[in-house]
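Copied from TrEMBL, the annotated features are:
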ACT_SITE  SER81  active site, schiff-base intermediate with substrate
ACT_SITE  CYS95  active site, proton donor
ACT_SITE  SER289  active site, proton acceptor
ACT_SITE  HIS303  active site, proton acceptor
BINDING   PHE22, GLU80, PHE283, GLU307  substrate binding site
COMPBIAS  190-199  compositional bias 'Low complexity'
COMPBIAS  201-212  compositional bias 'Acidic residues'
MOD_RES   SER81  pyruvic acid (Ser)
REGION    190-215  region 'Disordered'
Amino acid sequence: MDPTNTNIDSNISSSNEGSHFFEGVEKLLEVWFSKKDKKTRNCDLRKIPRAELDALLEIVKCTIISERKNDIIDSYVLSESSMFITKNRFILKTCGTTTPLKCLSHLIGLVETYSGYNDIEDLYYSRKNYKRPELQRMPHRSFNEEAALLDELFPDGAAYCFGSVNRDCWYLYTLNPVLPAEVLRRVSSGGSLSDGQSDTESIESDGSENSDDSGIAAWLESGTRGLTECQDRDHTIEILMTNLDPELMKIFTKECSKTAAEATEKSGIDRIIPGCVIDDYLFDPCGYSMNGILKTGEYMTIHITPEKEFSYVSFESNISHDCYRAVIQRVLDTFRPGKFVVTAFACKGLDGDKTHKEITTYTLGEDYLRRDLQYCQLKNYDLTYALYSKFPS
């Protein structure tokens, strides 16, 4: 580790583990694709050939172990976590010392070549702080490095840190185009972009390329595409858990479970979201990954690093916010973490408010104390971040 690096994420490492260490914390990359002319009927990310996906993951330094598919979503269990592909969304979640951001330019090329899309509608890159960041490969040794790489590709990108930067925190990079001053003025003065007319009528009435409204039209086309399609977008919840019960973690070792299916059943993972088609894998000598998909396109994914000194479990799903309380409780009952972070994305407006209230008003009982809570309004989504730990801790 560079001793001159003052980034907080690089200074909270731990070096008192033995020679064996595995970083369970994942790097999560999610990209939504579109087309500049908005004619996307025949576009589909799932047209990218398997051989091209294999080559893409070589850049990331991981491989595909198994796959499951239905009419809406393709699911891949990887040697380091998971990948999901739908018609217009690509999700790559990788742990260890993988390098997902290095594949981004190559991914964009594959999308343009095979899928028919030629535009990025939205992008999210996120992760919890590492336990040992000095073991990561560049550009993933600090969030400053990661954000700098993404800034080179996306001039309207924005980087955030949630939580306590000297303890537990969670980083996010997303696209956040700046609204023109005229849009801000109109919205702040009365909440309308068009003084009674429809947005399209107001924007097209002048026809002059130099008019103020032409700039508004450009922003509406690029910066608010996702808002008009919010009903087609989903919610996402992550629960990132540490300080796990060592006895419980033994289930996810070859010594205790002979197969992945046995570990899934013993732990109760198969009961967290009933009805999922489960694709699970038990690593040798320890470690566990699973993807679960529903016919309706919802997914869940769980990854487990069971070693006592650096135990870590992650849960992610795009189920409806209406299910959050039940699912959060099932996850906690299944893994009994000593500490965990919850992040939840929801479409802006009423859904975002409901999701935030669902989490902030949820009582976890006497076992857990909420240590941190933050709420952020992004371009297309509202985000809630919360940190909990067992009481006292």
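Every residue gets a Cβ built from N, Cα and C, even glycine.
On the structure: features taken from TrEMBL.
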residue : record                                               : Cβ within 10 Å
PHE22   : substrate binding site                               : 20
GLU80   : substrate binding site                               : 25
SER81   : active site, schiff-base intermediate with substrate : 26
CYS95   : active site, proton donor                            : 24
PHE283  : substrate binding site                               : 18
SER289  : active site, proton acceptor                         : 26
HIS303  : active site, proton acceptor                         : 25
GLU307  : substrate binding site                               : 20
Rounded distance in angstrom between the Cα atoms of HIS303 (active site, proton acceptor) and SER289 (active site, proton acceptor): 5
Any further residue of that chain within 8 Å (Cβ to the Cβ centroid of PHE22, GLU80, PHE283, GLU307) of the recorded substrate site: GLY24, CYS95, GLY96, CYS286, GLY287, THR305
Maximum Cα-Cα separation (Å), residues PHE22, GLU80, PHE283, GLU307 listed as binding substrate: 16
GLU80 (substrate binding site) versus SER289 (active site, proton acceptor) - Cα distance in angstrom: 8
10 Å Cα neighbourhood of SER81 (active site, schiff-base intermediate with substrate): matching binding-site residues from PHE22, PHE283, GLU307: none
